[in-house]
Structure formats: C-alpha cells, structure tokens
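Take a look at the structure set out below.
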C-alpha cells in the first residue's frame, strides 16, 4: 500500500509518465515506491493514513460494575457477558425459523460490507473520490440482485411460473443483472479524475474484493440453510465454540505465541480449541440429528405459500452401528458404537473450523494491522464490529457448501421436475417416451404397473 502518500494536504499520487514540474511531489513518491516495503510496520506502512480510533463503547453499567478489575480481567468479563447475549440471540432467531435466519444473514452481510467500505472511505476520504460510496452500494445492490434472483428461481420455481412479472424477470434475470452491473461500470469510468486514476482503480478493486468476500459467502450460507438447518447451525456453532474455547485456553494456559499477525493467539489456545470443538461438534450433531426440524431441507410449500421443514430423514440422520478400532475397543471395552452418520461428517466440519477457520481471523488481523486499526467497528463492546465476529464464518460457509456438493448432495428430483415443467409440451412428451422406454427395458415399468393394478 506504499503507493498512497498524503503529505502537506496535497494529492501526490505518482503519474504514469513524466509530468511537468507542477507535480514536484511525485518524484519523491516514485523513489519511496522503488525502495520496497520493509518488514517493519513503521517503515512499510508509514504512508497509509490511519483510521480514526473508535472510542470505548462499553456500556456504563458494565464500566461501573467492573471498575475494580484490571484491564485484562475487565475485558474478559465484558467479552463473556456480550458473548452470552449473542448466543442467546442466536438461539432466538433459530426458534423464529429459516426465513428469519435468511433475513439476519442478509443484514449481517450489509453491515459487514458497510464496515469494510467505511474503512476505505475513512482512510482515503481526504482525496474526495467522486461517487466512491455511491458506486460501492450500487454494486452491492447489483450483486445481491443477481445472487438472490438465482436463489428465487431455484427454490421458488412454481411461484415464479405462476406470476407473469416474476416469470419474465426470471427468464431475463442474467441479462438484467449484467445490464445493471454494466451501468455501474460505465458510471465508474465517467467518474475518473485525472489526478486520481490510480487511487480510483485501487478503490474499484477494494469494492469488488469486498463483494467477493462478503456477498458471495453469505449467498453460500443461505444455500447451506436450504439443505437443512443443521448444515447452517452446526458449522456456525463450531466456529463460535472454537473462538470461545481458544480464547479460554489461551487466556488461562497460553504461553507460546502462534502467529505474529495476532500476538495474543497461542498454541495452547489453538490446540485446546481444536479438541474442544471436535467434542462439541459430535455432541451437538447427536442432539440435532434426532429432530426433523433441523435435518429436513427447507422447502417452499406452494399450497400454503410458506416455508416448510418436514420430510423423512435420510440415512445420514439414521442411527447406525459402527465397529470400533481394536485400540479403542481395548480402552473402552465396547465393540461397536451407535452414531448418526452426520456425526462423522461433523468431525470434518469442526476440524476445519478449528484448523483452517482461524486463518480467516488471521487474514482480518493482517488487514487491520495494515491500516493500524484495532477492530472493523465498535458495534459490539469488547468484540469490535460485526465483521470481527464473522471473519471466520465466511471461510467456513464456502467449505460447507463445497463439502455438501462433493460428499453429500445427489441428484435432486424436484429440480429435475421443475426443469421439465418449463419445457414445451412436445419436449415433455419426448422425454416421457424416452423414460418409458428406458424403464421398460430395465423391467421396472411392468412391475410398477402390476403394483398399481
């Protein structure tokens, strides 16, 4: 980020080629860029304007109640109390159902986007970039229109086909989405100012990377939710558990630093969080796998125009006997153990949440250190902004979506039927005859006809 320098209140962005003497600051700019980036923050990031430090937003009630404690223990209690409050809110929205969960995901996405874009504006607001925030929010609208339009078409097909305006929007959805994005692209090109070319393109990239990180991942979270609430709740809970247990183990037993990006992270917290999260994931999966409300896919009922969560649980959520390895058999004295197959998958989910998930937090830490800020915002006392709490969740969402597509999900008959219903009558008749011939050759159709008789 050493390309940006702010000296004497002037924009001294280095020109693309030799300019007259009116840009005297640019020569020194180029010399600074060629020196390279030092490992020390004070040298490498000295030209990056700092984001204003947020004031302490801890509630006055907590400040008075914890006034006698040291800052270390005060922070511990503040984080603990607010964590319990957030977990209680999480349980409450689960109780309200999948539709509320989707709305919460959308709200979290918008808040995370706002926090990241605000950092960009706070750092570079002195350059007075034209239309920066307007275009950023416009692109957010375009990308959400594209992703959620695809979701509506996939999961509300019958409703879309029933309403003529929705059917037209669905048919030309991708063209409309592209036209909207193209409008924003042209607006960006028209907003380019001679002295700010490089900075404007940096901020254009800033906005698009933010969209990739935030909007795409939240879209995947909603897709995971449609597979069944258990695929939404267990991964998120594993990340929360790992965050809490790693903090607890690190707070009480931490001695060995884990990574320079996060000096407070320790190996003791990392390892303790790993084992605690795996155990938690297995136990939570066992409890949730026994309820249809959690394991059944979230589907839209066209008759009642409501979401419904009701099905015959798949084999993934049926108790089965598993033979124990000889080592565990000698220790426990058991020959078999009765588990839900999903519990085995939960080990993969909790392991990812504990081993790879924290790297989302390390990435966020590096980002914050680059701009010399402690938190993305001060929305939650003791925790920072919403993005500070969801930096690992977005990485987890992608893994869960890929995991389901690779190891869990099979062909979806309902989607095949939806696509067939969208065909012309002659095409449907051709497919019917082809399927009838295929089933007859396999000897299945006569058996079906006899059963029907």
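Including glycine, each Cβ sits where the backbone N, Cα and C put it.
Per TrEMBL, the range carrying the annotation transmembrane segment out of 319-341, 342-364, 365-387, 388-410 is 342-364.
Feature transmembrane segment, per TrEMBL, maps to range 200-222 of the set 39-61, 200-222.
As annotated in TrEMBL, transmembrane segment covers the listed stretch 76-95 rather than the other ranges in 16-35, 76-95.
TrEMBL lists region 'Disordered' for one of the ranges 1-59, 119-177, namely 1-59.
Among residues of the same chain six or more beyond the transmembrane segment (175-193), those with a C-beta under 8 A of the stretch's C-beta atoms are 129-131, 135, 138-139, 141-143, 145-146, 149, 169, 200, 204. Beyond the ends of the transmembrane segment (131-148), by six or more residues, the same chain brings 106, 109-110, 113, 117, 120-121, 173-174, 176-177, 180-181, 184, 187-188, 191, 200, 203, 207-208, 210-211, 215-216, 219 to within a C-beta distance below 8 angstroms of the stretch.
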